[in-house]
Amino acid sequence: AHDSCSHRCGELLGTCSCQVTCQSLGICCPDYKEFCLQISPYSGSLMGGKDFLIENTALNASSVLTCRFKQKIKTNGYIAKDGKAHCISPLLYETGFIPFEVSTDDGLTFPYSGTWLSVHHSKVPDGEKCTLVNQTKWQYYGTPNTDGNLTLTWTQQALEATNINIEVWGYHETGDSYSENWLAEWKYLYTLAREIPNNGKYSFIPVPAKGNYSTWDFGILRITPSSFSDGQSNIPSIWSSEHALAWHLGKDFRNDAAAWATAKCIEWDRKEDKLPKFMEEIIDCPCTLAQARADTGRFHKDYGCDIEKGSVCTYHPGAVHCVRAIQASPQYAAGQQCCYDSKGTQILTHDSTGGSTPDRGHDWGSPPFMKPPRIPGFSHWLYDVISFYYCCLWSENCHFYMKNRPSSDCRRYVPPRAASAFGDPHFLTFDGLNFTFKGSGEYTLVESDITYLRVQGRTQQARFPNGTGAQVTGLSAVAMQENNSDVIEIRYSEELNLEVLLNQKVISFSEQSWMDLKGLFLHSTADQNITVMFSSGSGVEIRGSGGFLSLTVLLPDKFINNTQGLFGVMNGNTEDEYTFKNKTTMSIHASPQQMFEFGANWAVENGTSLFTYDTEFLLKNFFYEGKHNASFQPVFFPHEDPTDPLVKEMVSLCESDPFCRFDVLTTRSLQVGNSTRLSHQYHKLLTENLGPVISCGWLDHPTNGIKNGTNYLLGATISFLCDQGYELTGSKERICQVTGAWSGDTASC
């Protein structure tokens, strides 16, 4: 008899497997598909209330379904008319993959299991939310010149109900800041409309909320079927976006919004004075836009000001692009933001209201989530957004906000260093050497003791349709992990599709392009450029190009003198680049044959391999065989025949790029040569953009005078003028010097 996957998903059993790899290997237990659940959709807002279908299991129509998330949060499931099972997702205070189980015996046993992806509320597609029509009007309602009707619209098919209720929920955090008793709560406040038809639209004239509800100034709307009771948790719901609840605030706000907001702003400012200073521990900004866009392991574009989307920067006038630091700061979970003007220079709040403002609460939250200040989106709203309404939008007190949220300059910023591999594998090391290593096997590209970062690459003989290229190898898979993070592998499948595996399971980006995972964030662009951002700030970028993978690893300066592998020892010294596992080194003028031995030395072992072996082919060629195929003899010097018609085309395509020429000759494919040329160009541009930039730091204008210039980088000049009737002492002009200091003396009037 076979073992059963009941209660055992993810395990390898005696006679068969319940692991995700069992399907391609053909070793699943017979009931694997029954108990190990596939769901659709696989993701939804952390606010919950999303109905999802369990695809594989046909259950008895009379069973009572209970869904249980994280072994404790229970929600009701149901069986639809077609016999398919459904669950409702719960309200969670975290993002990422959440395990769930299903019971069909009213909660006695939970033999079925799967995972649900909880996402940041702003990552939910617009069609799944209800829309605050003219959102600005909702958030300014009751301020001068804003009154009349408010309208809410939604997709009526999103809820199976004839009549619906619309509820108001508020978010607050209780207890003492930065202490154990600091807790987050979404709370049902009151029902705004009851038993109204589910026709996709509701208009009303808002009135101040009764009782102390009008003191809740940050919240959200929820639409639910009228058959449920008020505020009932984890039922089918459509949420709005979270917003400032100006529209329901009390008479005192409506009578004099500016005075009400000024009082709130001053109260916030006093509170801030008592809270710990988070500015000390957040990362400094990159000095230039080029650096900010190249440092992809530590900074990601700010969706509210994105040069690729036409630079619509409402909160940062004058900016063309902003980025946010990906990782929250270690102790206070704070966030950094950096904005740049059309010249690529940083904009500082000291000079302009368009400057970037750091965040006491990181917008994306941060692991382990669950408690303030780490709640995704909402902690940030409470500390950094609603206060912006008080001080800057509902009243004219923005100086209070800027005093507590000043931009960081870039004096302490150190760009990361980059290493790349691409083509018929060419390696460009952190210290700028390049070599070609045409092994066939699995190798350590980089590893580091300080965070147990490991990036491994698999090279295999190319599969070109025209049968040439038997002597060509290229990167076909890259696997990586840091400390005890999730393991990510990116590979070409045997059908040459790009696949991303999370802990051995192929994942889909069809619903979400960004995922918060254990110890890392994962992002995929529409054209399948994958970026892995580890919590140390190291980043790995992978692009599929012409049948080979192209890889770049970016490491922050804390990894200096702490790396080994094919990408060498990152320390600015090329002499020790070719260091073996036993720490002996080889001359950098070694022959290609010697380089082949250096590469072979870095083959991984089965015990430390991060790769997934889920096909017969992979087991046979990479698991049971040695990790380095010693019998594979590559071509070290491809032959260039002047009579060969390809050579002429190669010269015009590649010009002087040696890697491009090499790959055209070995693969006999101009397409591969061109991919190599583009990858090489990308690496050169990246290292150029990551060049260090000297900053002398911000300079103030003299009291009773003005300054000209807002660029504080090497070679920039700032000049000073005094108001009428004042005389200037000190330097009239100061220049930023190579030492990082300004020339001359402080100007005063």
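Yeah, the Cβs are placed from backbone N, Cα and C, and that goes for glycine too.
Just so you know, TrEMBL annotations never went through curation; they're auto-generated.
Because the structure is a prediction, the values reported are computed rather than measured.
Annotated features, as they stand in TrEMBL:
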type	residues	note
DISULFID	Cys722-Cys749	disulfide bond
DOMAIN	1-40	domain 'SMB'
DOMAIN	257-405	domain 'AMOP'
DOMAIN	417-610	domain 'VWFD'
DOMAIN	694-749	domain 'Sushi'
Return the residues near Cys749 (disulfide bond) by Cβ distance under 8 Å, restricted to its own chain and a separation of at least 6 in sequence.
Pro702, Thr703, Asn704, Gly705, Cys722, Asp723, Tyr726, Glu727, Leu728, Thr729
Cβ neighbour count (within 10 Å, all chains shown) around Cys722 (disulfide bond):
18
Maximum Cβ pairs under 8 Å to the domain 'VWFD' (417-610) - stretch from the list 1-40, 257-405, 694-749
257-405
Could you count the residues of the domain 'AMOP' (257-405) that DSSP puts in helix, in strand and in coil?
53 helix, 17 strand, 79 coil
Calculate the per-residue pLDDT averaged over the domain 'Sushi' (694-749) and state the result as an integer.
94
For the domain 'SMB' (1-40), how many residues does DSSP put in helix, in strand and in coil?
8 helix, 6 strand, 26 coil
DSSP helix, strand and coil counts for the domain 'Sushi' (694-749)?
0 helix, 19 strand, 37 coil
